[in-house]
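A.B. asks: My questions will all concern the structure given below.
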């Protein structure tokens, strides 16, 4: 998509793009034939729980930094200004809460699948409901993520690009396991940073420097201040981004299997917590790079958008047009940015393959075949990763022929993420919630989220057709926390326990599955009432060994070396 309307790649560009695929495959093959050679499910699915902080944190960052976000954020800022940057305000609580609430609970229970927690806290039915919901969410989303960069590059051979990327990702995920996925994420994160930084540096230089870029952005009213408008129907405000974004971050970094699996692959709980802290500045850098690229685009084109001029058909392609325009006399750099796009897609779908294989194996197959040998379980896990790779290719093909359904597919990821977050929060923070109420709450949350999401989609489609970048902004930045808000209402303990079998008793709770936040929030109540609410949190003395109240679970946070006999 050059200034003359054609995509022009030099040989150097193709070589750089090919090197990305070769290097990713090489990392997978290396881990397939080194170390334990992926002979156990612990090594294949959990990287032998041996990963250090830095690769885990970069993998956490890369998992949801897809090509969709790389293309969408600059277009958002170019069109509407920097208000989108306030999403970064949500990162603090959105990562602090997982670090000190979700990670300690999951890590100390020694889980492989996040949905094992649901069986420990509730029962097997709730676990299966959560697993099936997650599989539905990820199968749809990963196909669209795979197709998105090729959609933006539709002047190239879309089918060939999708096929090559899907096959490479399937190979290194199925052969190298989680360890290969994490280390390829590290490599692909570096490529993503390099591609975005190259565009910003060269683009700003051609525009007269960053001072000139800033001056034009100010004059063009693209620098946004703090908008405290409480109206939830406004496009972006501090409340919808900075506060609502916390729910987005909790859904992604708190309970999503792809992220939880990385925490659990860490060598120690401390390294898992530190990986969350390292992600925080990295996320801010990623957000700033996206905003800066949008400002540089505005400095170059002003109000004369390439989309308005008819040079491109969608906002997604506008970013590619800008890149080809900036790099038209610099062979290789356009290939670097395309490699950046495909790195985002590879890191996301490889994480999806691995997490889907894990939950299918741990939640659906192993419980049915408890006597399965380790060798068979490992082979089946690799086969599942391969099968999900082929399913992803099929979903990408469907996405390529179904047009506007792309918008619905992205929105589904957000609509499902909120109710799942509500389900985990219900179990972790409300000791009296019971299994029947949990299922009712999940179904009600999904129904409400789909009612709002699909209704909104139908209304949008009744007007002028929107492009996939608008979809990106609404699904990736807003869809999840809006559905999370809705799901929290429908997952409230009052709805889920009234008339659903009554509250659970302390003796029925599995130790370590409840984080006693209510004990802190309701400190002012007399102890007898706090006992009825199951939120007594003795901090001064160790619990009696053998106690099975949830308070034992909290004491594990204070006395981690205790064990129940």
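Just so it is clear, glycine is given a Cβ too, placed from its N, Cα and C backbone atoms.
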A.B. asks: Of the ranges 405-430, 483-508, which one does TrEMBL flag as transmembrane segment?
C.D. replies: 405-430
A.B. asks: Any chance the transmembrane segment (182-204) and the transmembrane segment (437-459) have 3 or more Cβ pairs under 8 A, given the pairs are 6 or more apart in sequence?
C.D. replies: no
A.B. asks: Does the transmembrane segment (14-33) come close to the transmembrane segment (276-299), meaning at least 3 CB pairs under 8 Å for residues 6 or more apart?
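C.D. replies: The transmembrane segment (14-33) and the transmembrane segment (276-299): touching, no.
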A.B. asks: Is it the case that the transmembrane segment (379-399) and the transmembrane segment (53-72) have 3 or more CB pairs under 8 Å, with pairs at least 6 apart in sequence?
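C.D. replies: Between the transmembrane segment (379-399) and the transmembrane segment (53-72), contact is absent.
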A.B. asks: Take the C-beta pairs under 8 A between the transmembrane segment (53-72) and each of 84-107, 128-148, 333-359. Which stretch has the highest count?
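C.D. replies: Between the candidates 84-107, 128-148, 333-359, the best contact partner of the transmembrane segment (53-72) is 333-359.
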A.B. asks: Looking at 84-107, 128-148, 236-255, 333-359, 437-459, which one has the highest count of Cβ pairs under 8 angstroms to the transmembrane segment (14-33)?
C.D. replies: 333-359
